[in-house]
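Since the structure comes first, as structure tokens, the remarks are kept for the end.
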Amino acid sequence: MKAHPNLRMVAPLLLHLCNSLRLQETHPLLLTSTHLLHSSANHDLQISEIPHQKTLRKPQNATVGRAYSTRSQMNLQVQSVENPDKSSVILFCSDPEKISRTRLSFDVPFTKQFNLKTEASGSALRSFVHGGCSLKIGANLGAGINEKNPEKVLGASKNFEKTEDFISLFNQCSETPSKLPQGKFRREVQSTSNTNLEIQANSPAKRAQKITGTNSRFRSNALNPDCEIQARPQPEKTQEKASSIRAQIGQLCKEGQLDEAMKLFYTLSKPNIVTYNTLIVGFICNRLPKKALEFYSKLVSTGLKPDHYTYSAAMKACTELQELRLGMAIHSQIILNGVNPNQILYNSLLSLYCNCLDSHSVQSLFDKMPRKNSITYNTMISWFVRNEQGSKALELFNFMLMARIQPTIVSFVNIFPASSLLGLGFKPLGSLHGLILKHGPSYYNCPFAVSTLICAYCEISAIDLARKIFDRLSDKNVEVWNTMINGYLQNNFSGEALELFQLILVSKLKPDIVTLLVGLTTISQAQVIKFGRELHAYLIKTVEKSPLILSNALIAMYARCDGIEISRKIFDRMVERDLVSWNTMVSACVQNGFDLEGLELVREMLRLGFHPDSITVTALASASSNLRDSRLGKQTHAYILRNGVEPLGLESYLIDMYAKSGLITVSELVFDKIIERDTVVWNAMIAGYVQNGVGDKAFAIFQEMQEQGCTPNSVTIASLLPVCNLTASIRNGCELHCYAIRHFLDQNVFVDTALIDMYGKCGSIASSEKIFNQMPQKNTISYTTMISCYGLHGHGQRALELFNHMPKLGIKPDRITYVAVLSACAFSGLVDEGMQIFDSMVGEKKPGMEHHCCVVDMLGRAGRVREAYEFVENMGAEADVRIWGSLLGACKIHGELELGKVVAKRLFEVEKGLVGYHVLLSNMYALKGRWESVDMVRRGIKEMGLKKEPGCSWIEVGGWVHLFVAKDQKHPQSDEIYGKLRDLDAEMRLLGL
């Protein structure tokens, strides 16, 4: 079983407990020369010579002149061995639970009993022993005893042959401090802490004299074998130094120099709880929550008792790591220790549970809190907003105001998004806006609050108010600019977004990576590839190493602006690619009609070891839909089920994929298995029914959607309106139009465009014009739809005027726009104007098959069939079935049978399975009276197993749409209908018709 990653933070506590139990032994702990003896310098350490006991085991590796220490605080006994050449050190464990830091050095053999005492907190104690004389000096840890010559003090300026020489020099130094060797022997007696060091004889002290340049005082003018040096602390100076170090640690944490802060922390022999808290909070502020919890564990292992600030910091670390279990364990420790949480600790607990628990647990903790402040309410409001409970957030905010708790800027930042969640429009957000204005300039001029307010207004499509707030803010930061630009994008105002992005580039502010990403998205939406190239050049000049996220955004931008070739070049030149890079390139290929290339990229991606995610399979589902390849779609669906790919909206793509492949029943199966259906799923099913011509089911599921409490949005209305186009039911279209007005959806550009298309195809071109003229924002799709409606009604000249007006407004026609205007010219007989547009298109965009097809249809309708044939022959590319079919239709209309036979032959070489073109050729023979050829074509249709689908028509009577199919007997009034048809046929015969 794999260990939990945070167990190592708990491990020191468990290890400490085990050591406490294991070290309570009756036999002594034996140390070798590799051990170290430590003392915390705040208790007595006794090292005494005792008689050799045979029951004690001798350590074999103890060496004269070595330094020994341990991490446990113990009573120490040093025992000499009878053989003076091989002295040993034996250590008895009496209190192993305490931690110590001070290092002791020993030079043995010993001849007499002596005592070592340490009393100075934080000082380093060193013992020099020779011939029974023990000197203990607080000094730097770097010096030691010469192992080969124990009488030589390292760093001193003189060697001592005899103990008497050493005592003599010390007497002289005591009388005349100037004789102390500068920088040599003095280094051995300086203290590392603010303490007075005393050399004290057992006899009464005669005088004390301060040695220049040290913090030490020496008593007695002579040393005898029983003398000792004791370090006595000065509490005030020690406390001042600890406070100074703690302040330095706090400052280093603020500056982000955590390594230096830790080094300074370890210089303290016994850091207190405040110092620990400073370092733990420093780790959290520098986004190192794991390190903070490690030091929290270290604090607990030292025996220090955490306070409210410690627990609060630990809770914040757990919140950042989303470690609910660890946080609950610390909460249990708080309860077991009988800690009464203060306001800060309660808020930290609430923040943890808001990030990890369900609503009932969070609400229960909130209700139990004895005191609540603005931070408490802010945490709860933010939690409600994150869980899309806008009404509860507003209710709690109002309760906060009634409790006379002053809202902070964070309160407004949290509550602004709640108003947009309710879908109630301007009123609640306007009230909150007025409230923040009442709180003064410090509130409504705060960029943080203004940015959130702008975002909220953009969410309810109040883009004009958002721009006014933006313009009135004098001190705008980059975040405010990013929010306003993104707001324009959300509301499909790509032109204004692009203009604002250009302004920030020339301002004094330096765009951050978010600004650049928003800018690339703006260019993608506006489809202005020229400015995209300029921004690309700007990135090359200003960004030393382009991060992956920017490279991926560039790929998406060029793909959206019909620059798929440039996207592929950027992708191929990328040194490093992640899964997002592959997904972006695959999606770009699929969106631009290069579905097979996208599939090939997926194969290469798998070969390199990348595993497809939900985005990848979504692109595969779209490719399957575009190719109408149900086999590929089923394989994609099977991959999702086998590999447990997270859905993330995949259900809607599967519904769309099966619907576009003509498998609407499979789409229904996928739809029925979805337990929680959101608006996207309902919209996908409605669109699937519309695409398969099942308009009655589309309206039925629209009603069911509302009955189950799912609110239709603009996409729902835009998807449903084409049903009215199929049935020419203007009444249903008007009802949907009224629904859109009632629910504030009539100002959406996609809904308006769908309404224009519906009214135009239902015969009401005046209604289409009215909606088009009233649209607050028009895009390329809007203009294309209106041009198409003009073309259907034969208003070719008006279509041309609208097309020529687009560049003046900065709206660039796309490929579909050219199809619409060429079709309008074809319907109106404007051949010369149409050819002029086609020729201009060659210079800007390479025409596709659909544009060539429009030209052939335009020439054919005008009777210029031979010219149309020559146009097809001179295309320079292989004509597809649409072009040959259009030319065959023109031959039939104008009686060009011989040319029609040639065209039909070329057509059937491309595609034989389209029965409609065989019927068209048969009708051409019939018009010329060539019945043998008619029979030959009919026999060929039967031999190939082709069957012509019967035509159908609709008629709306009394609000009901009636569908008629040739030879259909299913209509309840079929007898009356066929009787009327027979009567009409008889009357027509009498009239000679």
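Note that Cβ sites are derived from N, Cα and C of the backbone, with glycine treated the same way.
What TrEMBL annotates here:
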{"type": "REPEAT", "residues": "272-306", "note": "repeat 'PPR'"}
{"type": "REPEAT", "residues": "373-407", "note": "repeat 'PPR'"}
{"type": "REPEAT", "residues": "477-511", "note": "repeat 'PPR'"}
{"type": "REPEAT", "residues": "578-612", "note": "repeat 'PPR'"}
{"type": "REPEAT", "residues": "678-712", "note": "repeat 'PPR'"}
{"type": "REPEAT", "residues": "779-813", "note": "repeat 'PPR'"}
{"type": "REPEAT", "residues": "814-844", "note": "repeat 'PPR'"}
Chain residues outside the repeat 'PPR' (373-407) and at least six past its termini with a C-beta under 8 angstroms from it: 343, 346-347, 350-351, 354, 359, 362, 366, 414-415, 417-422, 428, 435, 439
Folded-back contacts onto the repeat 'PPR' (477-511), same chain, C-beta under 8 angstroms, at least six residues removed: 447-448, 450-452, 454-455, 457-459, 461, 463, 466-467, 470, 518-519, 521-523, 525-526, 528, 531, 538, 749, 777, 779, 810
Counts of helix, strand and coil residues, the repeat 'PPR' (477-511), according to DSSP: 26 helix, 0 strand, 9 coil
For the repeat 'PPR' (373-407), residues assigned helix / strand / coil by DSSP: 26 helix, 0 strand, 9 coil
